[in-house]
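S.K.: Per TrEMBL, the features are:
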type    : residues                                               : note
DOMAIN  : 25-210                                                 : domain 'Thymidylate kinase-like'
BINDING : Gly27, Gly28, Glu29, Ala30, Val31, Gly32, Lys33, Ser34 : ATP binding site
Amino acid sequence: MSETVPAIPTQTRLEPESRGLFISFEGGEAVGKSTQIAALTRKFESLGRNVVLTREPGGTDPFGVQVRQLVQHGVDLNPKAEALLYAADRSYHVATKIRPALAAGSVVITDRYLDSSVAYQGGGRDLGNDVYDLSLWATNGLLPDVTILLDADPVQALARREGATDRIEAEPLAFHQAVRSRYLQLAKENPQRFVVIDATGDIQTVSEQIWQAISEKAAALLSATEPGGGTR
């Protein structure tokens, strides 16, 4: 039986009057995160919002870039070493990029965050809930306001993958199925911030579903950070 990942309320340890909006995109391989992140960024910018785009690993330079190279193309790491590298990158990423951007009132959109570690290392590598606890500790409890989970059957998603694969993408199908299972478990047990979107739809339809979900889940934060309207 799979472990239960506890639902934890969104907390940021930032003062409300200095909060931006924090959105994470999650999902397995080749589900279209990059395409949808670009579309969402254009939407926010058309509304006059300042957007900070980032990713994990690799959201900071040079530290994050070096970690990305190690975990994706480097030596064959054991699961715990892999999880610890991701946590170290995430801690630095949050402290040097995400928190300052949120404090400035920006919309922060990240391509992967701590839920990736829970799904990939906790689920795919079978490390369990320790990965969740490690990530919360590393980030001092910072969770996204909204997490968009782009969901697709790994068989279908991996079939449309193009180009060379990294060491994570090259894992067997059973690994990717375990990752998807843990993602869906997380979404079920953390409905206050997760939105599951069928990633097999056409690009425009998926984009519209994402915007609707963000508008509903983060309505207060969106209105509080409107240009010219100050912050809440």
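Heads up, the Cβ atoms here are built off N, Cα and C, so glycines get one too.
Distances, neighbours, how buried they are, the whole picture for these features please.
M.R.: Counting only same-chain residues at least 6 apart in sequence, those with a Cβ under 8 Å from the Cβ of Ala30 (ATP binding site) are Ala152, Ala157, Leu158, Arg160, Arg161. Taken residue by residue with DSSP, Ala30 (ATP binding site) is part of neither helix nor strand, so it is coil.
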S.K.: Residues other than Gly27, Gly28, Glu29, Ala30, Val31, Gly32, Lys33, Ser34 within 8 Å, Cβ to Cβ centroid, of the ATP site?
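M.R.: After dropping the recorded site residues, what remains is Leu150, Ala152, Ala157, Ala199.
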S.K.: Of Gly27, Gly32, the binding-site residues given in the record, which has the fewest other CB atoms within 10 A of its CB?
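M.R.: Counting other Cβ atoms within 10 Å of each of the binding-site residues Gly27, Gly32, the minimum falls on Gly32.
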S.K.: Let's check the environment of Gly28 (ATP binding site): how many other CB atoms sit within 10 Å of its CB?
M.R.: 26
